[in-house]
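Single-structure report; data block below.
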Amino acid sequence: MEKFRIFGGYRLSGTVTVSGAKNAALPCLAATLLTREPVRLSGLPRVRDILTMEKVLRTLGEHCQHDNGTTTVVMGQATATHAPYELVRTMRASVLVLGPLLASRRQARVALPGGCAIGARPIDFHLSALARLGADIRVEHGDVVAEAPRGLFGAEIAFPRVTVTGTENLLMAATLARGRTVLSGCAREPEVVDLAAMLTLMGARISGAGTDVIEVEGVDQLTGCSHTVIPDRIEAGTYLLAALMVGDGVRIEGCVPEHLSAVLEVLGSAGAQVEVQPQALVVPRQQTPLRAFTVSTQEYPGFPTDLQAQAMALATQAEGRSEIVENIFENRFQHVLELKRLGADISVEGRKAVVRGPTKLQGTTVMASDLRASAALVLAGLAAEGETVVDRIYHLDRGYETMEVKLSQLGARIERFNPGPFL
Ligand SMILES: CC(=O)N[C@H]1[C@@H](OP(=O)(O)OP(=O)(O)OC[C@H]2O[C@@H](n3ccc(=O)[nH]c3=O)[C@H](O)[C@@H]2O)O[C@H](CO)[C@@H](O)[C@@H]1O
Ligand SMILES: C=C(OP(=O)(O)O)C(=O)O
């Protein structure tokens, strides 16, 4: 199993370029199922989840061709409607094919994703909303079986709680439903807006994306299009937090600073100086020591849960008592015990973690439990004294494009290695 070895204490400086957003690329890939025509997608990050989604699409009869940074997805001769558990279990976002399959092929069989390291993560809101569009939905042998032999019909749907992939699934399904669909209680994440932009290029009639009410006027068919996915705000935020922990002048290039407003606000409260440019964030060389801060994760435009673990790593270096409250997922504190193994002073009470800093972290072997927890451990390793080994980085490879290369280019000492069965 591959690991990272990090020699801490080296300052980061220079420019890091942000890749395309994994969480925008995944629904955009799923949306290609809505048309028979070729769809060209640019800016897809080269990360494992994208390869997995391409495998899912191939299983469903799509062809994915790569050429110079653009992926073209086109429907093959034989199509299928079954996304099997072997693929879904490695990536729960595979559930994003449910809405488009149902809309375009009128049936879908998608393995139930089950829970994961950060929480139970049911998909009940996806299923009840698709049923409101007229689909017949049942669970058989661990698969969601959905059928709409006469097609889907527009309806008014109120999500009981904001769900990002739930909003995306319904948005895709509604594009081909007969009549008007009004979705309320929608996610306002930039990734939802990006998907709506792509669907609009395909001929969908959508208004309100980016607000909590989205209206879709169904059309008979969608066409191909060319679309570039937005930059990854979570990757940008991860390097921003790294730069504040161990930076000596870092420019984060190719991001949309506005997508990180809530993060910049928290960092401002800690006394961080970050220069906001049109498509870049710059962390200047001279920083005064950071003060403790409070993070409370919320749906967009609030502080993203996908940066909570990395913010906790930063809090270990801030002066005083920081509070980190996780409101989205019930079990997203698995990094706490590993950060404590590096010497962090953290206590957890329910949804709240209290971090006392600054702490001189000391390198040791730690184990990644999920994607963002892995990133937090890498950040802590960069700040720690001596050698840190981060095990199970396959989690990290799901969502960060060549993180060790990007960090090495900034001056970090970090390498990927596979030590064999006994180490
Ligand atoms: C591929 C992708 O885009 N993943 C993101 C997406 O995940 P994902 O879309 O899976 O997360 P949701 O927004 O759906 O989850 C929000 C909360 O609602 C609950 N819930 C959700 C659906 C449902 O049917 N029933 C239910 O109870 C979840 O368990 C969770 O507690 O948004 C999360 C929250 O910003 C991010 O952390 C993930 O990185
Ligand atoms: C939780 C994440 O992804 P997923 O929803 O695919 O598990 C993430 O990107 O941090």
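Each residue's number is its place along the chain shown, starting with 1.
For all residues, glycine too, the Cβ spot is worked out from N, Cα and C.
Residues or ranges marked as domain 'Enolpyruvate transferase' in TrEMBL: 9-406.
Just so you know, the Cβ of Asn23 (phosphoenolpyruvate binding site) picks up 24 other Cβ atoms within 10 Å once every protein chain is counted. Here TrEMBL flags Lys22, Asn23 as phosphoenolpyruvate binding site.
According to TrEMBL, the feature UDP-N-acetyl-alpha-D-glucosamine binding site maps to Arg92, Asp306, Ile328. Asp306 (UDP-N-acetyl-alpha-D-glucosamine binding site) carries a helical DSSP state (H, G or I).
In the three-state DSSP assignment, the secondary structure recorded for Cys116 (2-(S-cysteinyl)pyruvic acid O-phosphothioketal) is strand. For Cys116 (2-(S-cysteinyl)pyruvic acid O-phosphothioketal), the count of additional Cβ atoms within 10 Å of its Cβ stands at 16 [all protein chains shown]. Feature annotation from TrEMBL assigns 2-(S-cysteinyl)pyruvic acid O-phosphothioketal to Cys116.
Taking Cβ-Cβ distances under 8 Å and a sequence gap of 6 or more within the same chain, the neighbours of Lys22 (phosphoenolpyruvate binding site) are Pro45, Val47, Asp49, Ile50, Asp232, Ile234, Arg398, Gly399. Taken together, the residues in the domain 'Enolpyruvate transferase' (9-406) have a mean pLDDT of 97 on the 0 to 100 scale. Ligand 1 lies under 6 Å from the Cβ of Asn23, Asp306, Ile328, out of the recorded positions Lys22, Asn23, Cys116, Asp306, Ile328. Between Asn23 (phosphoenolpyruvate binding site) and Asp306 (UDP-N-acetyl-alpha-D-glucosamine binding site), the C-alpha separation comes to 11 Å. Geometry remark: Ile328 (UDP-N-acetyl-alpha-D-glucosamine binding site) versus Cys116 (2-(S-cysteinyl)pyruvic acid O-phosphothioketal), CA distance 14 Å. Counting other Cβ atoms within 10 Å of each Cβ, the lowest count among the binding-site residues Arg92, Asp306, Ile328 belongs to Arg92.
Between the two most distant C-alpha atoms of the annotated UDP-N-acetyl-alpha-D-glucosamine binders (Arg92, Asp306, Ile328) there are 16 Å.
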